[in-house]
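Some notes on the structure that comes next.
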Amino acid sequence: SLSAGLDLPGRFLFAILTLMTLIANLVFVEEAVYIYRKIPSSKRSIIIWVNAAAPVIATTSCIGMWIPRSTMFTDFTAAAFFAIVIHKFLLMMIKECGGQKLLLRQFENGRFKISTGPCCCCCLCLPRVRITRRTLFWLKLGTFQFAFLRPMLMFLSIVLWTNGNYTFYNLSPKGAAIWISCFVGVLTIIALWPVAIMFQQVKTLLTCKKIIPKFALYQFILILNHLQAAIINILAMQRIIRCAPPLSSSARGAYMTQQLLIMEMFLITLISRVVYRRRYDDLEPPECMAEEAGDNKEAP
């Protein structure tokens, strides 16, 4: 732990950030209890998973801040968890439409616009794809592969790291880090594409359920947890972020990332509570309620 070597302002900053992490977790627990009590059972777990993204990232960042040697494990835990959240967010949009059956019925003559980011935002000539059970399966598979493969790749990275074959800052072609990072990047883009396709299709229908601010929060978490961290790591590797003994450039970059994420995820947790805090059943159309009743009968 680095806390023993901190001066008074440093200890004060650590205490404030730890308090913010604790408050974020308490807000999430309170929100999870509310969701469990007020929201239909078919949606509970999915919405709790999506809400948990910010507090989990804040917690892993806080642990990494206090115990620098655990940074690799905490970063990988946050990355693996958010990979599952991406899949859950797609499922949440389908559930908010009343489930797969009602979604197919609502858009039986509709078509998905696949010329959207992050894969094909420039390919405007791509044809629209019919909304069928098969296309929904492919969209789900696109996010599920990331939720399944990302934790496996994280586990492989940790195994290679313990054996001395994986160094995060070694980006030479002979190292494992560059190949695993590139593969994860491709999987990430493939996973984000189905979410963007589904959002473009349902955003008008789900305006009353605040899907646009929910999608914005999801995008903020994605950008801050991945892009911001990558930019700071690159600046640290290029020595633009200077070392400050006893911290090296890479260690200072990691600390900056963790401290920024704690503050950002704290704010996102508070905003999420406002966005998700409502009685879902008050706004459900009769068809959705009937769909959920049918799902509950089929579940046993």
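Here, residue 1 is simply the first one shown, and the rest follow in order.
Yeah, the Cβs are placed from backbone N, Cα and C, and that goes for glycine too.
Among the features that TrEMBL reports, transmembrane segment is placed at 12-34, 46-67, 73-94, 137-161, 176-195, 215-236, 256-276.
The list of residues near the transmembrane segment (215-236) in space but at least 6 beyond its ends in sequence, with Cβ under 8 angstroms from a Cβ of it, reads 50, 53-54, 57, 75, 78-79, 82, 85-86, 89, 168-169, 188, 192, 195, 199, 203, 249-250, 252-254, 256-257, 260-261, 264-265, 268, 271-272, 275. Residues 1-3, 14, 17-18, 20-21, 24-25, 27-28, 31-32, 35-36, 39, 74-75, 77-78, 81-82, 84-85, 88-89, 91-92, 95, 214, 217-218, 221, 225, 254-255, 257-259, 261-262, 265-266, 268-269, 272, 276 of the same chain lie 6 or more positions beyond the ends of the transmembrane segment (46-67) yet place their CB under 8 Å from a CB of it.
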